[in-house]
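Student: Quick paste of what TrEMBL says about this protein:
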- Gly72, Gly74, Glu114, Ile310, Gly314, Asp354, Thr355: Ca(2+) binding site (BINDING)
Amino acid sequence: MCCWCCCLDCIHNIPPLNLLFLHFSPHSLSSSAASAGGGEAAAVAPMASISVPNPAPSPTEDAESIRKAVQGWGTDENALIEILGHRTAAQRAEIAIAYEGLYDEALLDRLHSELSGDFRSALMLWTMDPAARDAKLANEALKKKKKGELRHIWVLVEVACASSPDHLVAVRKAYRAAYASSLEEDVASCAQFGDPLRRFLVRLVSSYRYVGGVGGGVDGELAIAETAELHDAVVGRGQALHGDVVRVVGTRSKAQVAATLERYRQEHGKGIDEVLDGRRGDQLAAVLKAALWCLTSPEKHFAEVIRTSILGLGTDEEMLTRGIVSRAEVDMEKVKEEYKVRYNTTVTADVRGDTSGYYMNTLLTLVGPEK
């Protein structure tokens with residue numbers, strides 16, 4: 001049985017999509033209102049790379065168009081990409097509800113039966129509710145055979161740190177509904193991880209970070225104190241990163257972490273991420289760097305995810321798909337700009353060079369045009 005077959009069985013246990021996607025971003029409520037009515041412009045995050053038609057067809061019209069694309073002797077893959085690739089999470093949720101109501105089958109089930117390969121994986125991941133998607137990605141990362149491989153640990157860090165606190169709560173709810181266990185318990189019991197990495201990851205996925213009001217509720221005195229604690233922890237190459245690091249990075253608000261990192265740069269003339277890069281072979285240091293980037297500058301982390309996926313002898317399609325699908329509605333424009341500056345090429349050029357067919361077309365639709 002393929003991983004998607006197992007996943008579909010689990011997804012059917014998750015509450016209705018339109019209840020979960022509301023946690024995805026501050027824009028989801030307005031997206032929901034727009035898509036439910038049909039024909040109105042859906043709210044898209046300012047740095048998202050997807051384009052949405054205005055006016056957009058109603059969910060029922062989209063569901064009928066999808067049905068036409070999957071009926072008959074062949075599947076109209078381009079039509080599926082054109083419809084689903086140009087709709088927000090809220091709109092896709094409404095389309096899925098409309099499709100199941102009209103045809104008495106789940107949209108994801110139909111996509112699974114009609115498509116194959118990396119194209120199927122990409123389009124299904126994109127069509128999923130974002131919280132259910134992250135729950136699936138986390139569960140798959142925990143099941144990987146290779147012990148403690150950084151690219152799998154990255155998934156857990158991204159789920160915990162790269163989105164809003166409410167989204168992480170929604171992921172935990174979706175995870176429990178799909179897999180009859182808690183994300184926190186599964187991370188704590190995963191044989192891939194040893195301490196102190198295990199404790200750090202459990203802290204990350206268990207957290208609910210304070211968002212704060214104007215200014216993010218930053219405490220300047222706390223930033224000064226915790227800058228000193230972080231410096232003491234990371235400069236000693238021969239010593240393990242201790243509990244202060246886990247506590248600071250695992251619990252503070254994003255604004256507070258950003259203030260501490262800025263204070264660190266001012267005091268020491270370099271970023272703490274540069275110091276962590278110097279701890280070669282220290283897995284916790286590498287994970288800590290990923291967490292700091294996801295909390296304060298997620299575009300840096302996801303530019304690295306995409307670049308890492310295409311380097312070497314073969315393309316890591318799972319990583320490439322995850323990097324693009326998870327950020328297309330959030331900040332892909334910032335990821336693309338960061339990518340261009342750091343690697344002297346574009347996401348579009350590298351996707352074209354390492355993928356093909358409908359899979360490539362799906363990714364390029366989500367990436368959008370380069371500016």
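In case you wondered, yes, glycine gets a Cβ from its N, Cα and C as well.
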Student: Just how many other Cβ atoms lie inside 10 Å of the Cβ on Thr355 (Ca(2+) binding site)?
Tutor: 22
Student: Sequence gap of 6 or more, C-beta under 8 Å: which same-chain residues meet both conditions with respect to Asp354 (Ca(2+) binding site)?
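Tutor: The answer is Ile310, Thr315, Leu320.
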Student: Within 10 Å of the Cβ of Glu114 (Ca(2+) binding site), how many other Cβ atoms are there?
Tutor: 18
